[in-house]
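Have a look at the structure below, then the notes.
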Amino acid sequence: MARPPVPGSVVVPNWHESAEGKEYLACILRKNRRRVFGLLERPVLLPPVSIDTASYKIFVSGKSGVGKTALVAKLAGLEVPVVHHETTGIQTTVVFWPAKLQASSRVVMFRFEFWDCGESALKKFDHMLLACMENTDAFLFLFSFTDRASFEDLPGQLARIAGEAPGVVRMVIGSKFDQYMHTDVPERDLTAFRQAWELPLLRVKSVPGRRLADGRTLDGRAGLADVAHILNGLAEQLWHQDQVAAGLLPNPPESAPE
């Protein structure tokens, strides 16, 4: 795997907040609510604009209860489950995200297909893990700030994937950051982890999203602002990896964790 790029060096970080960015975001919103896309659907820009689409498959990995389903729900603009229920089988969710490239100032529509599978199903049915890993472009490794064991489990997961799928993007996300005052994972441990693995480590809150004036409907624009750093991070890592694989960028040697 190529060494991760410097954050903000591949895509323009706050472009989604600009006037141009908001025009593109309008195609994934409807009346300030997020649009839900099926596997065969895609957003339509008005007026029609020629835009390339980059599609990626992403497997969300982590212990049961760390918030995998909640994370995907937030990324897709859906309601975050209040009570934990083990995901039965494989659940796929499509999320579109427009981003502007730093080098060319070109806008690309990123299509992320998130695969989420319950831990029990993965252990019981071997073919489910194979299906989730097949042709996967990126792995999102989740831990919970309120579950020390989920953080300590990360090195084993990362080492296993590095051996089985060495060419894929790996990112780490800490969930339930809204409960950071009660964290079981102090900042010094996060710093040591980043230094050892040299991987992107992002944080996300697991609370329900902000609402529109009716008090019931999720605010689509506010929800996008809450997860923009994750979607931009994925776009950046995956686009950079493609450029390296195509020989358009040099691939610096990867440092092994100590």
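Cβ atoms are placed via backbone N, Cα and C, with glycine included.
Annotated features, as they stand in Swiss-Prot:
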- 50-258: region 'Small GTPase-like' (REGION)
- SER64, GLY65, GLY67, LYS68, THR69, ALA70, VAL82, HIS84, THR87, LYS176, ASP178, SER206: GTP binding site (BINDING)
Spatial neighbours, same chain, of ASP178 (GTP binding site) - Cβ under 8 Å, 6+ residues apart: LYS205, SER206, VAL207
Residue with minimal Cβ packing [other Cβ atoms within 10 Å] among the binding-site residues SER64, THR69, THR87: SER64
Cβ neighbour count (within 10 Å, all chains shown) around VAL82 (GTP binding site): 7
Most distant Cα pair in Å, residues SER64, GLY65, GLY67, LYS68, THR69, ALA70, VAL82, HIS84, THR87, LYS176, ASP178, SER206 binding GTP: 23
